[in-house]
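Working notes for the structure below.
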Amino acid sequence: MNLHEFQAKHLFTEAGIAIPRGYVARSSAEARAAAERLGGSAWVVKAQVHAGGRGKAGGVRVIQEGDEIERYADSLLGERLVTHQTDGRGQPIHALLVEEGLEIARELYLGALVDRASQRVVFMVSAAGGMDIEEVAASEPERIHTVRVHPAAGLQPYQCRQLGFALGLDKAQVGDLTRMMQGLYRLFLERDLSLVEINPLIVTGEGRLLALDAKVTVDDNAVEIGRQSQIQDMRDLTQEDETEVRAAEHNLNYITLDGNIGCMVNGAGLAMATMDVIKLHGGAPANFLDVGGGTNAERVAEAFKIILSSPSVEGILVNIFGGIVRCDMIAEGIVAAVQDVGVEVPVVVRLEGTNVEQGKQILADSGLDLIPADDLADAAAKIVDIAGQVA
């Protein structure tokens, strides 16, 4: 679960991390009032969307006149911002963050994430702040410095100093960085975060360290079990894929992709393998969809509806392994779902597991135009061929 910048900075404030003064605005009048409240001669106005690259896309601007703030706010609010991290439709803008203008001496990068390989929280810094850190890692990896935090010992002051010295900070700034990193680490643990980024972390003209930007991702599992109820209230569904939100309401794990072959599979591992085999046969999956272990007719019907909501889908591959549930029950669910939904694209079905022969017989006796497959390779070859003919 992602947070808006202003929400992330609210958490930063609770953790004692210094941020610029600023206010959230949801109208042009509120934006101007925020600037007047801040005072000064320059302000930074930022579109609040769940995407990076806002500056290059016109979603961040330094403004020096109140009238211009209103005009700029009017041009953003209610519109959609398209960046290199969004799809072609972009993300809707419902709020702006208006902050004080600051003199910037240096732009740095500070981030923390869960490294699955080492099973540690890893802190990263770079003197290449304000840039896409992935690009820096690819082109100049020597500019990124990291420390791994032992879960029993926690983040140690010497590790913070190590990164501060790597950035060339002076003694006072190293102390600021140490306090900032320790606050971030506490926040990371207390709020069940999986990622936090400050890009850029700036050194002001006065030599202070400030979090000029903020990106926070919360572990979805912690939110779903209710451990982070306060953060759950911060969720902005308008920033999420509508189909994925709908799928989650029915306990379906769905991710939109760019292909034309819809996939319905039980089990995340089998779903990924199914997509791999489709690609191997020259096709392109339109989605990842895990219907889960307790598959029933209602869930299968909803899965079909969600898959078919994409106009790009020209065929569907159903790949089910009957372990927890029997294949005959799954087949009955597929037949009922296809009859209920009125599926008009070709459907290839591969069943394997308990009572598989009974399941295949149910499909054969249904009178529906369901195409059986003997194994996954056969299923992938058939759906790729059929979808290609439809296209």
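Numbering starts at 1 and runs along the chain as it is shown here.
Each Cβ is built from the backbone N, Cα and C atoms, and glycine gets one as well.
For 9-246, the entry in Swiss-Prot reads domain 'ATP-grasp', with the evidence type sequence analysis.
Sequence-distant neighbours of Glu107 (ATP binding site) (same chain, 6+ apart, CB under 8 A from its CB) are Gly129, Gly130, Pro200, Leu201, Ile202, Leu212. Residues or ranges marked as ATP binding site by Swiss-Prot on the basis of sequence analysis: Lys46, Gly53, Arg54, Gly55, Glu99, Leu102, Glu107.
Other C-beta atoms found within 10 angstroms of the C-beta of Asn199 (Mg(2+) binding site) number 22, with every protein chain shown included. Residues annotated as Mg(2+) binding site in Swiss-Prot: Asn199, Asp213.
Cβ neighbour count for Gly323 (substrate binding site) (all protein chains, 10 Å cutoff from its Cβ): 13. Here Swiss-Prot flags Asn266, Gly323, Ile324, Val325 as substrate binding site, drawing on sequence analysis.
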Euclidean distance between Cα atoms of Gly55 (ATP binding site) and Asn266 (substrate binding site), Å: 41
Largest CA-to-CA spread of substrate binders Asn266, Gly323, Ile324, Val325, angstrom: 10
Where the record names Lys46, Gly53, Arg54, Gly55, Glu99, Leu102, Glu107 as binding ATP, the maximum Cα to Cα distance in Å: 20
Residues that sit under 8 angstroms from Leu102 (ATP binding site) by C-beta distance, when 6+ apart in the chain: Pro20, Ile202, Thr204, Gly205, Leu210, Leu212
